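According to Swiss-Prot, the protein carries these features:
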{"type": "BINDING", "residues": "LYS50, LYS92, HIS188, LYS220, ASN317", "note": "1D-myo-inositol 1,3,4-trisphosphate binding site"}
{"type": "BINDING", "residues": "ARG127, LYS177, 209-220, SER235", "note": "ATP binding site"}
{"type": "BINDING", "residues": "ASP300, ASP315", "note": "Mg(2+) 1 binding site"}
{"type": "BINDING", "residues": "ASP315, ASN317", "note": "Mg(2+) 2 binding site"}
{"type": "DOMAIN", "residues": "138-350", "note": "domain 'ATP-grasp'"}
{"type": "REGION", "residues": "1-25", "note": "region 'Disordered'"}
Amino acid sequence: MKLTDNEEITMNGTREMETTEQETSSPCSLVIEAFPVKKSIIVGYALTSKKIKSFLQPKLEGLARNKGILFVAIDQNKPLSEQGPFDIVLHKQIGKEWRRILEEFRLAHPDVTVLDPPDAILHLRNRQSMLQCVADMNLSDSNGRVGVPKQLVIKKDASSIPEAVNNAGLRLPLVAKPLVADGSAKSHELSLAYDQHSLLKLEPPLVLQEFVNHGGVLFKVYIVGEAIRVVRRFSLPDVSRRELPKSAGVFRFPRVSCAAASADDADLDPSIAELPPRPLLERLAKELRRGLGLRLFNLDIIREHGTRDRFYVIDINYFPGYGKMPEYEHVFTDFLLSVVQSQCKKRALADQY
């Protein structure tokens, strides 16, 4: 199978919901008649300038307007309670003060959906706890098994790393990632350490993961509510056990999905290029939505080379770069409509009692 480093593959190659502009001129057409919504859905957003540029693209805003959705910037210099009214608050900001403000707003405005709860997002900012939900799940069925690579947390003192690695029984090479995953460029950096001496060059706090050969391909699994899309990306190349003794040093990469971008075109074995089974991804996504309390995130998944059904989750990111996801505009606007539909149902049911 031919794959360029820019190729993107969706699970089914098509949108799950095909709607024309005429059909979606009012969001009421996508909501059950028994639970009508108002004509305009107001989505307040608090995003970084980088996220605004990549996410709030003209095509998204145009499609959203056609569906009755308006994006309104939140002024973080003014009290949040004095802005709006909002149906949904969409955010990706960090800091204790912002979390406090948002939590107070959630309690005072239970009818507004905050995507996503700040405390739940915080769970993904630490790579020590990030993958614990997957590890605890121990997901295994007829479609495959999903786990996490063996890993070790080093909070300080690089001189202690070789001994800690030996005590933990980790095998070289090891992937080193910053402990804090705050969305910054630095938090996406990774290093590949081939030998004991190179471990001393690493900079704690960090997480060390055993490197799993995976054919140089990873799968980015985007979750938007209940929707799932998969994009195939190049990754770090496999490491031969036979060649390992000849390798030494630390190799640094800006992020794993860019690590092998220089590979240009590659002819991939179908067993490497094949997407993970959809039923397995649906079950994994469902369990993670419940376990993490999040609806907007993505997973970096690899398949162990030489197997068909052994998968590892190596990273989870909140509110990732959806602009890189095929047809994200349709997926995301349909998701926002479903959120408001759920709000309307709850209000209608509450009014009956």
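Each residue, glycine too, has its Cβ placed from N, Cα and C.
Overlay of Swiss-Prot annotations on the structure.
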{"residue": "ARG127", "record": "ATP binding site", "CB count, 10 Å": "21"}
{"residue": "HIS188", "record": "1D-myo-inositol 1,3,4-trisphosphate binding site", "CB count, 10 Å": "19"}
{"residue": "GLN209", "record": "ATP binding site", "CB count, 10 Å": "22"}
{"residue": "PHE211", "record": "ATP binding site", "CB count, 10 Å": "20"}
{"residue": "GLY215", "record": "ATP binding site", "CB count, 10 Å": "19"}
{"residue": "VAL217", "record": "ATP binding site", "CB count, 10 Å": "22"}
{"residue": "LYS220", "record": "1D-myo-inositol 1,3,4-trisphosphate binding site", "CB count, 10 Å": "21"}
{"residue": "SER235", "record": "ATP binding site", "CB count, 10 Å": "22"}
{"residue": "ASP315", "record": "Mg(2+) 1 binding site", "CB count, 10 Å": "24"}
{"residue": "ASN317", "record": "1D-myo-inositol 1,3,4-trisphosphate binding site", "CB count, 10 Å": "19"}
LYS92 (1D-myo-inositol 1,3,4-trisphosphate binding site) has its Cβ surrounded, within 10 angstroms, by a count of other Cβ atoms equal to 20
Quick note, ASN213 (ATP binding site) and LYS50 (1D-myo-inositol 1,3,4-trisphosphate binding site): C-alpha atoms separated, nearest Å, by 33
CB neighbours within 10 A of PHE219 (ATP binding site), counting all protein chains shown, number 22
LYS220 (1D-myo-inositol 1,3,4-trisphosphate binding site) to ASP300 (Mg(2+) 1 binding site), Cα to Cα, whole Å, comes out at 5
Here the binding-site residues are LYS50, HIS188, ASP300, ASP315, ASN317, and the Cα closest to that of GLN209 (ATP binding site) is found at ASP315
Around the Cβ of ASN213 (ATP binding site), other Cβ atoms found within 10 Å total 16
Cα of VAL217 (ATP binding site) to Cα of LYS50 (1D-myo-inositol 1,3,4-trisphosphate binding site), in Å and rounded, measures 27
The binding-site residues listed are HIS188, ASP315, ASN317; by CA-CA distance, the one closest to PHE219 (ATP binding site) is ASP315
ASP300 (Mg(2+) 1 binding site), DSSP three-state class -> strand
Across every protein chain in view, the count of C-beta atoms other than its own within 10 A of the C-beta of LYS50 (1D-myo-inositol 1,3,4-trisphosphate binding site) is 13
Taking every residue in the domain 'ATP-grasp' (138-350), the average pLDDT works out to 89
Close to ASN317 (1D-myo-inositol 1,3,4-trisphosphate binding site), taking Cα pairs within 10 Å and only the binding-site residues PHE211, GLY215, SER235, ASP300, are ASP300
Under a three-state DSSP reduction, the secondary structure at PHE211 (ATP binding site) is coil
Around the Cβ of ASP300 (Mg(2+) 1 binding site), other Cβ atoms found within 10 Å total 20
